[in-house]
């Protein structure tokens, strides 16, 4: 897994703990048992704490895979058998120069290079971070040679190439390779199979487990799902792509979790709520994906006029009832009861505004209901239906599903 620098813009990924203590460190003495068969004439050792896969060792210390295997024959040619808890040689001691009475010309050729492709793995939590000169925590592991003042990082995905990554982030290919010199001029060092797509200003992260849900994240971090989805667009709008062992953003720079407020009526207001809610609310309802204004009115026996007055942000036609937000369903001194008109017939709830006060019979609108079907079933005219229910409109454009209409007066 590899992180690539993308310029002085804003932080895309920032780990939240620790400082680097093991990655990219070489020791002159091993602190773990030496791997079987490893050469004795070793100048530098790597203690395998499991933080780097075998495929990254040659890149981390600028050596070839052939040398790594030659010095550590317990490792296979395909980088297998690289075991955690053992020390491995990453630099051989230089052989002494032979003494000769004649002048000999030596030619030193660079070690053969091998193109390495890391095995496909699921991204895991960076084990440590280091704070660079710009005060931004750098995730680890990083590609050797990365500039020290990096403040924006990108996880490479399958199918990415240097041109695509640089173009996506508005930088030149030259800048990209200068900031990440181990990419090589042919971009052969661009390693794939990691995750991207998070908001650029994230400053707190959460690792998804098999039991994690969007609602559990919301409850734990006091985070409105609307914000969570906007910070993590790859998750989807209904949490359909919450992937196990991946990281999600749970806070951004400048954001603070909302805290419950206590209004003048002494009742604690839960969070989150939509703007403009009445300050005299004493009863709240958390909106779910199946909640409708009609179901709230029906359950709490309140009118839409009152519900809208207490929660103006939902809109006059209930087009902005936000899932996972709390709405007001009762106020101090309010006692919701079914309307009892002068004709003795109880008016059901919910109803649209302006319904006639002397209605004798009601019909609940379904998704398949039309004004024509009501007229046909009850043998009434459109003129009367509109007169008894003016909110539906003269051309029946506002016949609301799950609401009751008057069909006899």
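Keep in mind that glycine also has a Cβ here, set from the backbone N, Cα and C atoms.
Whatever TrEMBL says is automated annotation, not expert-curated.
Remember, predicted model here, so these are calculated numbers, not experimental data.
Checked against TrEMBL, the range among 66-100, 101-135, 136-170 recorded as region 'Disordered' is 101-135. Averaged over the domain 'LysM' (204-250), the predicted model has a pLDDT of 80. For the domain 'LysM' (204-250), residue counts in helix, strand and coil come to 18 helix, 8 strand, 21 coil, using DSSP.
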